[in-house]
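Quick look at what TrEMBL annotates:
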| type | residues | note |
| --- | --- | --- |
| DOMAIN | 89-139 | domain 'Pre-mRNA processing factor 4 (PRP4)-like' |
| REPEAT | 161-202 | repeat 'WD' |
| REPEAT | 203-252 | repeat 'WD' |
| REPEAT | 253-294 | repeat 'WD' |
| REPEAT | 295-336 | repeat 'WD' |
| REPEAT | 337-378 | repeat 'WD' |
| REPEAT | 379-411 | repeat 'WD' |
| REPEAT | 422-456 | repeat 'WD' |
Amino acid sequence: MSDDDEETSVAKKFRIYYGSLEEKEKERLSHEGASSGANDALKAGIKAGNINISSGEVMEMEERVSERQAEVLAEFERRKRARQITVSTDDVEVKACLRALGEPITIFGEGPAERRERYMALAVKRLEAARAHKEIPESTRTIKQQELHKNLRNVNNFCSQIGDDRPISYCQFSPNSKLLVTASWSGLCKLWNVPDCTPIRTLRGHSTNVGAISFHPQATLSLEESDVNLASCAADGSVKLWSLDSDEPVADIEGHSVRVARVAWHPSGRFLGTTCYDHSWRLWDLDVQEEILHQEGHSKGVHDLHFHPDGSLAVTGGLDSFARIWDLRTGRCVMFMEGHIKEIYSVNFSPNGFHVATGSGDNSCKVWDLRRRRCIYTIPAHQNLVSTVKFQPNDGHYLLTGAYDNTAKVWTHPGWSPLKTLAGHEGKVMGLDLSPDGQLIATCSYDRTFKLWMAE
């Protein structure tokens, strides 16, 4: 290559600008002037803002994720949260948990591992629903609470029925809210249609005062009528199991020799708890038909028993004026509730899982907080012995108390202020219940009647 060619190649080189051309373009236009029409148009366009010469800044665009990718990510997050939930590897326990949630215990082609995964996914969904509820604005929740209180103030008696020749000691709605069962001192238990209060069947088997009768958690929902749907207890120590298609007991549970005051089903439906005046309470496994826990601790008779919504704890109330919280996994008392000065006749867990109500012969109802391990409020509820306390079964937004002053009362939760007094019985209110659908309240009395109450 000659020197001339080398000079020519060098002359052809031009400068390359990195970044903004805006300043250079303005400088070039100012030097060249507005001689040509094209330059005039370009200049006018820049001035008008129709032509934008980039300043060299870079905007990073967010990556757009497709719907499918979003679904996959959401599913991954759900599974990640599900793995953080402790679930038993025992397939029998997983089935019991699914049954407690009202879900099918198995689906076609499902093995134990798949069933466990399904249960964990359900648990995550329930947690998400709880978080969603927590995110509802406080004003919205306040409005709903005010509407509920307004309805409760309008509750009135719309049905009264003579249930027996002797005092009616207990009543309970079926899980589908379409039946009511009553227990009487005559030894008879009766099934009634709701809300028309027509009798369906009389259960004959006890020969003395029946203290309580209780529906299985899945009775009228997933159980057959021929299965064990009810359990009852009496003053002679007898405990009987009943189906819905027979007047006679299906089986007897033997082991008690003195008065059994209450029976209560565990949320799983597999276990039955009984309280006895021999200072103890017992837990029975109905699948293997044997006693699995005989728990002592009260210094006098144990009158009432209720299980925690998740089935891990039980609360008992005794004639020694104390209540106790028991851990069913170890059989140990984990909380001792001291405060009443007379016998405790009723105990009940709130659906929130950390509040417990106790009703006593000192005419008061106490509310306890398991998180703080103490009584948080004492309701001077009645003018006589408080026989029954019960939280609203679904949300726990209010509390019901029944007493020997012939009345039942509705109280706000929280706040514990009186909303309504249900007056009408001519004798002691010995029991009460709320229908699972939240529409009805039932009370039963020493005057041999039971009454249904509903908001007008």
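Cβ coordinates come from backbone N, Cα and C, glycine included.
Per DSSP, the secondary structure of the repeat 'WD' (161-202) breaks down as 0 helix, 24 strand, 18 coil. On the 0 to 100 pLDDT scale, the model's mean across the repeat 'WD' (295-336) is 94. Between the repeat 'WD' (422-456) and the listed ranges 161-202, 203-252, 253-294, 337-378, 379-411, the one holding the most Cβ pairs under 8 Å is 161-202. Counting same-chain residues at least six beyond the ends of the repeat 'WD' (253-294), those with a Cβ under 8 angstroms from any Cβ of the stretch are 96-97, 99-100, 211-218, 228, 231-241, 300-311, 314, 316, 318-319, 328, 331.
Panel annotation: around the repeat 'WD' (337-378), residues 300, 303-310, 313, 315-325, 384-396, 399, 401, 403, 411, 413, 416 of the same chain, lying at least six beyond its termini, place a Cβ under 8 Å from a Cβ of the stretch. Across the repeat 'WD' (337-378), DSSP assigns 0 helix, 23 strand, 19 coil.
When the repeat 'WD' (203-252) is classified with DSSP, helix, strand and coil residues number 0 helix, 19 strand, 31 coil.
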